[in-house]
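What Swiss-Prot lists as S-adenosyl-L-methionine binding site is ARG101, ASP102, GLU117, ARG118, SER153, SER154, ASP171, and the listing cites sequence analysis.
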Amino acid sequence: MKICLIDETGAGDGALSVLAARWGLEHDEDNLMALVLTPEHLELRKRDEPKLGGIFVDFVGGAMAHRRKFGGGRGEAVAKAVGIKGDYLPDVVDATAGLGRDAFVLASVGCRVRMLERNPVVAALLDDGLARGYADAEIGGWLQERLQLIHASSLTALSDITPRPQVVYLDPMFPHKQKSALVKKEMRVFQSLVGPDLDADGLLEPARLLATKRVVVKRPDYAPPLANVATPNAVVTKGHRFDIYAGTPV
């Protein structure tokens with residue numbers, strides 16, 4: 001995949017070249033999307049809109065730390081949707097990992113989560129965030145046990161994953177109507193990079209065959225159900241639905 005690669009570390013150690021080789025990235029000086037290695041982290045920038053800033057994965061500080069410490073925990077909609085109850089903490093495959101936010105919430109309340117991400121740039125961002133998270137004194141121990149990244153296309157990987165998870169979680173890219181600054185910023189950068197999930201409808205059936213208990217699909221409240229398969233079961237929040245489908249028992 002072609003992208004502009006920029007090293008701002010000043011280290012001169014070739015770390016960016018190693019990273020590019022690992023993820024199959026090719027430097028393109030004229031590309032409007034840039035993957036930038038800074039002294040702190042790896043980030044994605046839209047070069048023609050510098051005011052948007054950089055997008056990076058941070059499980060240790062910022063919004064994710066606040067959500068972990070002060071968020072709803074088991075009361076969060078995604079936790080309810082996957083079926084967390086009492087001692088039941090399902091094993092989850094997040095087949096559309098993105099920046100890993102929902103996967104991190106589930107891991108922070110005790111679920112083991114395998115994240116799938118097919119875009120190599122997004123996978124590199126996730127891997128960078130995980131490396132920093134694993135090294136953190138406060139969360140590193142449980143994060144290594146509970147949150148893993150698999151760089152693969154969900155459409156192919158969903159038929160290969162073993163052991164089977166109890167839950168498959170899907171949050172396909174869907175055009176956002178919201179005007180919130182964060183959504184606008186991230187979505188504009190993200191959609192410039194990966195575009196809409198045009199093949200997302202093809203995920204529902206393999207997800208239902210893989211999950212032993214249920215499939216959870218996050219949708220904006222105005223979006224039709226995935227693959228136009230309606231379900232009466234959903235956890236509804238302001239702005240979103242978590243549609244719930246039966247999996248395939250062992």
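Just so you know, glycine gets a Cβ as well, placed from its N, Cα and C.
Positions of Swiss-Prot features highlighted on the structure.
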residue	record	DSSP class
ARG101	S-adenosyl-L-methionine binding site	helix
GLU117	S-adenosyl-L-methionine binding site	coil
SER153	S-adenosyl-L-methionine binding site	coil
ASP171	S-adenosyl-L-methionine binding site	coil
Drop a 10 Å sphere on every Cβ of the binding-site residues ASP102, GLU117, ASP171 and tell me which sphere holds the fewest other Cβ atoms. ASP171
Counting other Cβ atoms within 10 Å of each residue's Cβ, which of the binding-site residues SER153, SER154 comes out lowest? SER153
Under 8 Å Cβ-Cβ from ARG101 (S-adenosyl-L-methionine binding site), six or more apart in the same chain: what's there? MET64, ARG67
